[in-house]
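Here is the structure we will look at, set down as C-alpha cells.
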Amino acid sequence: MRSVIAFFIVEQQLKTHNDLVFKTLPEEQKNMLRFSHTKCVTLCCCMCLIAMLYLAWLQGDPRKVIYPTDSYGQFCGQKGTPNAKKSTLFYFNILKCANPAVLINLQCPTTQMCVSKCPDKFSTYTDVQLQYQITAAPWDYYRQFCKPGFNNPTKACTMYVSFLQRCFPDFITLNGTLTVAKRTHFKDALDKARSVTELRDAAKECTVYSISRGLVIALVVSLIFILLLRFTAGLLLWFTIIAVILVIAYGIWHCYLEFSLLRQQPGADVTIVDIGFQTDVMVYLQLSQTWLIFSSILIILIFLRRRVRVAIALLREGSKAVSYIMSTLFYPIITFLLLAICSSYFAVTSVFLASSGDAIYKVMAAEPNCMYANKTCNPETFNKTNVSKACPGAQCMFAFYGGETPYHRYLFILQLSNLLIFLWLVNFTIALGQCTLAGAFASYYWARRKPQDIPPCPLFSSFSRAIRYHTGSLAFGALILAMVQMARIILEYLDSKLKGANNVAARFVFCCLKCCFWCLERFVKFMNRNAYIMIAIYGKGFCMSARDAFCLLMRNVVRVAVLDRVTDFLLFLGKVLIAGSVGVIAFFFLTHKIPIFQEEVPTLHYYWVPLLTVIFGSYLIAHGFFSVYAMCVDTLFLCFCKIRLLSSWALASLIGYSVDPNINPLAAFTTV
C-alpha cells in the first residue's frame, strides 16, 4: 500500500519532465510526463511597463534629450532657431558639473552657451587685446565663447574637445605638445627626465597587451578549474577539513595547558565578555571558553562527515554536468546583454520623465550665503529686480523642466515607479538565467544514460521553455523581490533625511527596519532561486514551486547548510586561487621576471594600475564561471532531495534514475 501511494505521488510530481529525458519509458507513461503550461501572469506588469514608457514619451520632449540646452533654456542645433548652426554646448566652468545634484536636475550650475565648435586654441583675453592692434582675427575667434555683457576678464580659454555635443577640456595637448598638469617632462625614480609621450606610449602598449593576455589566461584557468573539480573537489575539501581539525586539536591542547597553568592565579575566572576585544590573541587562548568552542567545532565536523561526503559528491557531479553542457558557461554573457538593455530602458525613461514640462529658471548665486539662491526667477525681468544688488554676481539660469500640473506634482511618484520597474526587469533577467540553467542541468540529472539520453541543445531547449511557459512565474517572483528591494531603498532615503535630526527613537526604528528588510531580501533571494529550479524541473507555478522547494529544504536542512557552506568555500577558494595566480603571473610579466617575455614588455615605473586591473578582471571572470557552477550544484541538490522522497528504488528506476553507484555517484548517498 505504501508503494502504491508513493507511486501516485511520484506520478503527480514528475509528470512535467521532458519527453527526451524519459524516452526509454513506454508511450503511455510518456504522455503522463509532459510539461504543463504555466499561466501568463505578466500582463499587468507588461501593461505598467508600456504605460510608463508611453507616458514618458508623451510628456517628455525628445528635443530636450537630443539637443543640449543652454543657460537660457534654448536648444543647441535645432532648426528654425537662432542656435540652428550652434550644435555644441560650451561650459564656462565644467568643474561645477561634478555635483550629485546634476543627476537630478540634469543641468550644471554654470553658464552654458551654444557654439558652432569647441575652442581649439589656447589663449587669454589679454593676448587678444595685445594682438587686436595688429589684427582683429583673434578677437573675432575669442568672443564667440563670451556671453553678452562680457567685461574684460583675465581668465584663460583652454582647448576643448567635443563629445556627445558637449565641450570638455582637452588636457592632452598644449600647442601641439603632450602635457600632464601643463608639464611635458617628469623625473623617474632614478632622477632621469622622462617625456610624457613615453608614458602614454608605454601605457597604451601595456593596456592592450598585458591586460588582455591576463584576462584570457583567467578565462582559460577558470574553465580548467571547473572541469578538474570532479577530481580535486574531495581532495581540496578533505585537506582543508583535516587541516582545520589539526589546528583545532592543537588549539584545544594549548588552551588547556595555558588554563591549567593559570587556573590557580587571581582573575582566572574571567570570561570572553569580561575581556572584550583584544589585539593579543594569546589572551583568548588562556580562557576555558576558547577550548570549549574549539571542542564544539571539532565535534560538529566529526558528526557532519557523512553530509560533507554528499556535498563532495554533488560538487563532483556538478563538474561532470558542466563538462557535458559546456554552453552553459557562456550564458552569463546573455544575462549581461539583457541587463544592459534594462539599464538603457531605465536611463531613457528617467531622462524623458525629468525633461517633461516647461523650463524652470532659478537664481544661481556666486556667494553661498545669498538669500535668493535656488529661488525661481524670470530671465526676462531678472535684471529689473533687486536680486543682483543683494547677491552680486547672481544669475537667472535654466535649472530643469517642471510645472504645476497634477502630472508634475506626482512626477516623483512616477520616477519611483520607473525605479520599481527597473528592479523588476533586472530581477526577471536574473530569474530567466537561473531557470534556464536549472532546466539544462536537470535534463542531465534525469538522463538514464549519460550523455546518450541528454537532449540535444539542452541550454537552448531550456531557454525556449522558460520563455514560452514560465514567463509569468518568473515575473511574479521577480516582482516580489523588487518590492522588497524598493522598500529598502525608501528606508535608506528616509534614513538619510533623518541623519540631521536628533530623534534617537526614530533612528533606532529605522535601523531595525533596515536590518529586517535586509534579512527578508536575503531570504526571498534564496527561496526564489530554489523556486526557479523547481519551475524548470516540474513546470508548476511560482507559489507551488516555492512551497515544494521550501518543504524539500526543510526536510534536508542540515544538508542545505553543509552544502551551502562547502560550495561557497570551494568557489571562494577557486576565485582567490585564479585571481591570485593570474596576478602573480602578471606581476612577474610586468616586472621582467619571465625571461622569454622580457623583450615584449615595455619598461614601466608604476605597474600597479594594470596589475590591479588584471586581478580584478580575473576575479570577475571567475565569478561569472562559478555562478553557473553554483547553479548547477543547487539544481542537482534539489533533484537529489526529491529522489530521496521515493520509498522504492523500483520507482526511481521507473522514472529513469540510475541506482547503480558506478553510474550515478549520488545513489550511494540517498539514505545518508
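Each Cβ is built from the backbone N, Cα and C atoms, and glycine gets one as well.
Per TrEMBL, the feature transmembrane segment maps to 40-58 (among others).
Residues 319, 322-323, 329, 574, 577-579, 581-582, 585-586, 589-590, 600-601, 610, 613-614, 617-618, 621-622, 625-626, 629 of the same chain lie 6+ residues outside the transmembrane segment (208-228) yet bring a C-beta within less than 8 angstroms of a C-beta in it. The annotation transmembrane segment is assigned in TrEMBL to 208-228 (among others).
As annotated by TrEMBL, transmembrane segment applies to 235-253 (among others).
The transmembrane segment feature in TrEMBL is assigned to 283-304 (among others).
Using a Cβ-Cβ cut-off under 8 Å and counting only residues 6 or more beyond its ends in the same chain, the transmembrane segment (324-348) has close neighbours at 53, 65, 223, 226, 418-419, 421-422, 425-426, 429-430, 432-433, 436-437, 440-441, 444, 450-451, 454, 458-459, 624-625, 627-628, 632. Look at TrEMBL and you will find 324-348 (among others) tagged as transmembrane segment.
Outside the transmembrane segment (421-446), and at least 6 residues removed from its termini, the chain residues within Cβ reach (under 8 Å) are 17-18, 20-22, 45, 48-49, 52, 318, 321, 324-325, 328, 331-332, 334-335, 338-339, 342-343, 345-346, 454-455, 458-459, 461-463, 465-467, 470, 474-475, 477-479, 481-482, 485-486, 528-529, 532-533, 535-537, 628, 631-632, 634-636, 639, 655-657. Look at TrEMBL and you will find 421-446 (among others) tagged as transmembrane segment.
The transmembrane segment annotation in TrEMBL covers 467-491 (among others).
The transmembrane segment annotation in TrEMBL covers 503-520 (among others). Distant neighbours of the transmembrane segment (503-520): 484, 487-488, 491-492, 494-495; these residues of the same chain sit at least 6 beyond its ends, with a Cβ under 8 Å from one of its Cβ atoms.
Look at TrEMBL and you will find 570-592 (among others) tagged as transmembrane segment.
Annotated transmembrane segment per TrEMBL: 604-622 (among others), in sequence order.
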